[in-house]
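Enquirer: Annotations for this protein, taken from TrEMBL, read as follows:
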type	residues	note
DOMAIN	53-175	domain 'Poly A polymerase head'
ACT_SITE	D71	active site
ACT_SITE	D73	active site
ACT_SITE	D145	active site
DOMAIN	203-261	domain 'tRNA nucleotidyltransferase/poly(A) polymerase RNA and SrmB- binding'
DOMAIN	317-435	domain 'Polymerase A arginine-rich C-terminal'
REGION	424-444	region 'Disordered'
Amino acid sequence: MLTNWLHRVLPRKSIRGGRKREIPLAQHNIQADELSFAAEKVITRLQKEGYQAYVVGGAVRDLLLGVTPKDFDVATNATPEQVRKLFRRSRIIGRRFPIVHVMVGPETIEVTTFRGGVVNSHNELGRIMKDASFGTLEQDAMRRDFTANALYYDPQRQVILDFHHGIEDIRNRRLVMIGNPLERYQEDPVRMLRAARLSGKLGFSVDKHTSKPIAECAQLLQREPPARLFDEVLKILFSGNAQACLRQMAVLGLKNTHPLLDALMPGGESDDNIVALALHNTDERLRADKSVSMGFVLAAVLWPHIRDAWQREQDAGMRTNAAMNAAIASERQYVDKRWGVPQRYSVTMREIWSLQPQFENMRGARPYRLLGQPRFRAAFDFMCLRATLGELPQETVQWWQTFQHGSDAEREQLICAAMQMEKTSTRQKRYRNRRNKQSKQEEL
């Protein structure tokens, strides 16, 4: 019913293309040595055994844009079982459409068999439920999502096979869906999130026929498995341009897709300075090819909820540490269930949060105990993030920086100084309280 209605109100324009063009080296300038050793080895072995094999998808797109690919995918006419027999260190994964992971040294190459033009099973909304048919190179190119991802590079002949004017679209920095966009989104609603992620990450405009059905089809994402949506959330957060991706989601009308993404979008409930700073820092680290902790980023993303709950518990009379533990416990169902955060990340998040109150207690043996915590470094970096935004004084950051790297004697001096400052602060607070009490009595 929904499918029929969408067909009536939205255009069924198909993208041009489908005829194979061979783009020679002189027109694309991708050199074979730009491929990883593992990708070249897998392709060489497959071709030597008589199979077709190409680097496909995002790796070719990135090379054309002058970006070093993070990974290389290979497409072939060999079946998963045939690929598995050729490579000792390999395994078949996936149920809806089996693929093969081939391990070469520390690198894993994803090898996919060409998909056929016939889909085995759809649900009532047009969603692909089973897709295990294999096909030809031409059929596989038609089954790709965007023209920029439907490019096949042969390192032996040094040519790119382009079926849908993908190179032209890349040069024009334009994201174009292959086929009928409405039908493609119905087949796999996650393609809408990919459109936002790729256009935001690459700085591409979205073709009008590609973008038009998105707002109407966005509700289809609510039927997707939470785990699959969360994987797409992570790809957006770790795209290297997360803020641009989130802005693009708002432009395309992708609302009510996932609670975490909705909260992060401009005007959302987590539209907070610390979130913006965390995403900015993450983008900068990814561009510099530095490591990023998913648990740390998610701790920052969800911090506004924890911070507000922490303050409520303190206002109700709880001590600082107990208030934080209560805040984490009260928000746990919200974080784990509604946001769908896997336990491997939520454990890290809770450890980072639970250590935050302890940075404000610099007496006795407590700093030594905190320094020995496994998550101290992540918690310290998180505390620095908070201090940058004025949640803590910069003096606290300086104290802990000095304490970490100081000698035993220097650490003892820091603790003594901190205790003396606390005593002075306590006396001043008591003095102010007495003066206020006397003033009120005199007024009476």
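Just so you know, glycine gets a Cβ as well, placed from its N, Cα and C.
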Enquirer: Show which residues of the chain containing D145 (active site), separated from it by at least 6 in sequence, have their CB under 8 Å from its CB.
Expert: M177, I178, R184, D188, R191, R194
Enquirer: With DSSP as the yardstick, break the domain 'Polymerase A arginine-rich C-terminal' (317-435) down into helix, strand and coil residue counts.
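Expert: Within the domain 'Polymerase A arginine-rich C-terminal' (317-435) the tally stands at 96 helix, 0 strand, 23 coil.
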Enquirer: Could you give me three numbers for the domain 'tRNA nucleotidyltransferase/poly(A) polymerase RNA and SrmB- binding' (203-261), the DSSP helix, strand and coil residue counts?
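Expert: Here the numbers are 40 helix, 2 strand, 17 coil.
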Enquirer: Would you please pick out, from the active-site residues D71, D73, the one with the fewest other Cβ atoms within 10 Å of its Cβ?
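Expert: Least crowded of the active-site residues D71, D73, by Cβ count within 10 Å, is D71.
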Enquirer: Calculate the per-residue pLDDT averaged over the domain 'Poly A polymerase head' (53-175) and state the result as an integer.
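Expert: Averaging the confidence scores along the domain 'Poly A polymerase head' (53-175) gives 90.
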